[in-house]
């Protein structure tokens, strides 16, 4: 009787110990996962998630309604950018669109075989190709304002080839291929930001505005102020100047100004001039290798990376600010700014739709390709499992015992 009781107690103790071991193991695994789980992937080598699997980018809106029709060729935008060849990225920097931040990303934040050499105290970085001492990037922070301060499309397309030929003589090699890129911004936000910048003393008066081989005359481009700058100007004064280049700046800087007689307003009627500028800006925007939107930083990063097959080291940050840039602006004033920038409003509406459609197209294409890869992997796995196995039994192999009985006996 005592032996039975002793045996019963022993079995109970063994079972209790087993339960404690299992519970302790579960708690340990839970704690381990809490600390290490976010960075672990059971299927990834070394337990780390590959950078490409970290989805930093927003999910496309499935209910997005397209406003304009764009053929697939306008949405694909996948280039074979050859950094070791003769390809050059040209950044058209429009004032107050976030171009300074993006320009720094290009020289400091792109994962490159040979990173740009950016030294403290110097305004420009050296961005050489991996195989020779030639620049692959034409921008403010790499080549400086070589075609003039904030050069526009008309200036850059006529100036960049000559500047690079003087810097890096082409010799007998094939001609360079230029990939133009830019950023756009909501016109009201951009306009208010430019006013605040001018109010603090900015002028951009050293800009050349070169067109058809000459700069505009004072009669073609009168100043909005007298003196060295326009610091302290009110928003009303800023809006009242009919010659203010802030009005429809994005359209003007993206259009081919030669089509409208440059800055000669008497060349063609105003209504026709406006329509030609808008259509030219749209055409040139479509023809660019890439453009981003200030209001969509992560999507801008995504499209740039997929277009040029280049990766940024750190993700872009979205800094949301008010339209008025910290200044109270009533609805009537906003409507007036929209009227002054009617061409920019139309261009931005067009650009935003093209941008969103490109993003959706790229994401859908990637998901489709991922599903195909997963399907191929499953089929390959099944085909391997279906192969006949002819492995002979190992001599002297003992049949596996019941796991629970084995653990209890060990205790």
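Numbering starts at 1 and runs along the chain as it is shown here.
The backbone N, Cα and C atoms fix where each Cβ goes, glycine too.
Note that the coordinates shown come from a computational prediction; the quantities given were computed from them, not determined experimentally.
Residues or ranges marked as active site, proton acceptor in Swiss-Prot: 150. Long-range Cβ proximity for residue 150 (active site, proton acceptor), meaning a same-chain Cβ under 8 A and a gap of 6 or more residues, is found for 93, 94, 95, 204, 207, 253.
Among the features that Swiss-Prot reports, 3'-phosphoadenylyl sulfate binding site is placed at 93-101, 185, 193, 317-319, 323-324, with the record citing similarity to another entry. For residue 318 (3'-phosphoadenylyl sulfate binding site), the count of additional Cβ atoms within 10 Å of its Cβ stands at 13 [all protein chains shown].
Swiss-Prot lists 352-386 with the feature coiled coil.
Per Swiss-Prot, N-linked glycosylation site is recorded for 264 (among others). Residue 264 (N-linked glycosylation site) carries neither a helix nor a strand DSSP state and counts as coil.
Residues or ranges marked as N-linked glycosylation site in Swiss-Prot (evidence: sequence analysis): 320 (among others).
The feature region 'Disordered' is assigned by Swiss-Prot to 380-401.
The annotation topological domain 'Cytoplasmic' is assigned in Swiss-Prot to 1-19.
The transmembrane segment annotation in Swiss-Prot covers 20-37.
The recorded positions examined here are 193, 264; by Cβ neighbour count within 10 Å, the least packed of them is 264. Between the CA atoms of residue 99 (3'-phosphoadenylyl sulfate binding site) and residue 264 (N-linked glycosylation site) there is a gap of 29 Å, rounded to the nearest whole number.
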